[in-house]
């Protein structure tokens, strides 16, 4: 760690079970306490999962790991354990399972067809509703612009249909690989990478000029730099090709939802915390706006504001692994809340919202009468600070005095798009136990984002951020999926489990997963723990 918890807290580390809640922490499922002060009550203290379970690492979707060593081991010394709720008779929440990253290879051929079929039959046997699948841009349009190869995906869809399952399709316009836990590497299309050799500004760029090839900068959304097409036109052509190629699966209702990739890891955010550039949890990350196209946009915004000298990124925002209090920009009372800071953050976050707006508008054209969704990442570290630094660098303008997710929810509502949000299985006390210096609050973040979406009456889907095989993790997901005593009966529209693999298929783990599926479906189970 860049700084120890003792250094950060002025030498006073709080007792492990007397952590001070400094953000929107839900004390019960039926309400929240804004900025509650005082020790957490014993009844709220969640028991700890084994240390191997909760170590946060970086996987292909940000903070996660698919480490096969993580089984359903729960510490014997559990504190304040809550009795399990009976979810029988509660609303039916469909459960989908993500397929392995490399299920289709770089030649767009289906890998281990029979092995996959057998695993899908097992999922079907426990009434899983369907599967989620990435359709990688770097595979389908690999060599030549507007020449698409969907063959491997076509065969996979046929198998899924034969087994009576449904499909959530993720149109993945980002690179796969390069993070801990990734077992495949799928770069952006070769023809795009060739363009980048002479014009590297098509990639997001940090203050030091390091390029990130995970996805294209939103600065070229409307720039004809991709062999005569803008980035948004490229995305639309890809979506339209998919819609035509898989028409029969739309007509048959096999495709239940299209999740449109909007950034790194498919998420609507900036690639502010890339492991390839040395980021490690819980670093604040860096702003990613230094390609020439986004800098041009910033210059125009500063000119309109009447302060041309504001056409720059912050020079005191630290680096990837800085802590907020070590920077002039993110510290309490820092420049993030100055006139310039508010101008810059408004512009930076608006670019994110505008990108989502443009792409989802075209997705609705391509996929008429089909549900579309956008994915948001759960950036929960530094949530208990005033600035929320890690969220700011990712494009979520969500300091303690501002709701940064409201503009995103409004944009999604405009396009009748569902929100897919991560980290519903994480517990704030677990994070504080391992990384007290991160001042993380996944529960407070989930509470804020899910309620913002529900209040706007848009569907809310979710998935787990870390691999989950234990009952406590499943219980946490269930509590978020179906909030207790909610007078409006709000619940998740769908839950997608990360991920199909050998560990999930182990007997004890799969038995626990089957139990979880029943409870998500509102069925009774016979072994509730009191």
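Placed from the backbone N, Cα and C atoms, the Cβ positions cover glycine too.
From the options 18-39, 40-61, 62-83, the stretch TrEMBL describes as region 'Disordered' is 62-83. If you measure from the Cα atom of residue 464 (substrate binding site) to that of residue 267 (active site, proton donor), you get 14 Å.
Across the binding-site residues listed here (380, 499), the residue whose Cβ sits among the most other Cβ atoms within 10 Å is 380. For residue 134 (substrate binding site), applying a Cβ distance below 8 Å and a minimum sequence separation of six or more within one chain yields 99, 101, 170, 172, 176, 266. Checked against residue 267 (active site, proton donor) by C-alpha proximity, the recorded positions 380, 463, 499 yield 463 as the nearest. Residue 463 (active site, proton acceptor) sits 10 Å from residue 499 (substrate binding site), taking the CA atoms of both as reference points.
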